[in-house]
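What follows is a single structure, written as structure tokens, with notes after it.
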Amino acid sequence: MMSGSSPPAPSLPAGGGSFFRGYTKLCKGLAVILLLVHLVVQLFPSAVTYLALIPARTIPFAWNLITAGYVEQTIPGVIVSTIGLLLFGKLLEPLWGSKELSKFIFIVNFSTSACVFITAIVLYYITQQEIYLYTPLSGFYGVLSGLLVGIKQLLPDQELNLFALKIKAKWIPSLVALISIVVSFFVKDLMSYLPVLLFGIYMSWIYLRYFQKRLETGLKGDPSEEFSFSSFFPEFLRPILDPIASIFHRLLCGRSERADARGQTLDTSPLPGSDSIEANRRRERGQRALEQRLAEKLAAVRSSEGTSLDAADKV
């Protein structure tokens with residue numbers, strides 16, 4: 001959960017030989033779990049039946065809704081999930097705190113699995129194809145895509161270098177979703193990952209948009225326009241999406257907004273522009289944390305260079 005002032009952010013690794021330096025204990029612990037579960041699945045393939053999400057067996061194996069997210073069945077999958085968890089968690093945990101990040105991962109993982117389960121059942125009844133019931137579904141991609149949504153919320157204007165292209169962080173979740181959809185049409189094996197990834201983006205947005213507790217205001221969610229559902233799409237589509245999104249907005253938080261308004265003021269409406277002010281505060285905290293990490297990295301590099309020069313002078 002975010003407070004008025006950001007806690008100190010960890011420093012980036014100063015050298016290539018210290019991969020785990022600066023990464024949070026929570027993320028390193030979860031990374032170890034991903035590696036161990038992958039090892040168990042490789043040594044005992046039958047474990048997939050009990051750990052992965054197989055819709056026909058989810059009842060009575062209801063724990064699959066939690067464990068499936070931590071089961072990576074391939075080596076590339078466990079590598080991508082481990083590195084992504086460490087990198088994204090390093091950005092978010094200093095701003096949210098370990099407790100909120102743990103809560104976020106649990107909620108996104110469980111809700112994503114639940115949505116995938118319901119979707120598989122619906123598809124089975126529509127198509128009568130048993131593949132939807134018995135295909136093992138698993139992977140940490142739902143949580144990873146959810147962490148990208150968290151970065152979009154906190155550091156929307158931060159530019160990231162991807163394959164020689166500079167892309168703002170606010171577009172990364174949308175770009176990942178688009179690429180995944182396109183690639184799945186050509187690589188059929190990736191089709192099973194697509195629902196996990198898309199539901200991860202959507203469920204994390206719902207949690208951050210409507211339910212995450214904000215300590216600085218005592219309210220829930222992020223109602224700013226910069227984090228609306230249509231912000232995931234190009235500008236020309238927003239006039240079409242906004243009316244649709246407003247219907248779900250009223251269904252999800254109509255009552256809570258009225259209750260929050262009564263709690264804040266008596267027979268008055270919220271202050272104009274409060275949503276934009278809150279969004280700016282989030283961006284400023286994220287930017288300060290990023291600048292602090294870069295400053296600490298630069299100081300570490302300069303210290304290393306100074307040590308090398310001293311040693312050279314002595315020689």
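Easy rule for this one: first residue shown is 1, then count along the chain.
Note that Cβ sites are derived from N, Cα and C of the backbone, with glycine treated the same way.
Unlike curated entries, TrEMBL annotations are predicted automatically.
Look at TrEMBL and you will find 30-54, 74-92, 104-125, 131-151, 171-187, 193-211 tagged as transmembrane segment. For 262-285, the entry in TrEMBL reads region 'Disordered'.
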* Selected stretch (most C-beta pairs under 8 A with the transmembrane segment (131-151)) from 30-54, 74-92, 104-125, 171-187, 193-211 -> 193-211
* **Recorded stretch, among 30-54, 74-92, 171-187, 193-211, maximising Cβ pairs under 8 Å relative to the transmembrane segment (104-125)** => 193-211
* Tertiary contacts of the transmembrane segment (30-54), as residues 6+ beyond its ends and Cβ separation under 8 Å -> 61, 64-65, 67-68, 70-73, 75, 77-78, 81-82, 85-86, 89, 105, 113, 116-117, 133-138, 140
* Asked: Which residues of the same chain, at least 6 past either end of the transmembrane segment (193-211), have a Cβ under 8 Å from a Cβ in it?
  -> 104, 107-108, 111-112, 115-116, 119-120, 137, 139, 141-150, 153, 173, 176-177, 180-181, 184, 220-223, 227, 229, 232, 252-253, 256
* To do: Could you tell me what the rest of the chain brings near the transmembrane segment (171-187), counting residues at least six beyond its ends with Cβ under 8 Å?
  => 145, 148-149, 151-152, 160, 193-194, 197-198, 201, 232-233
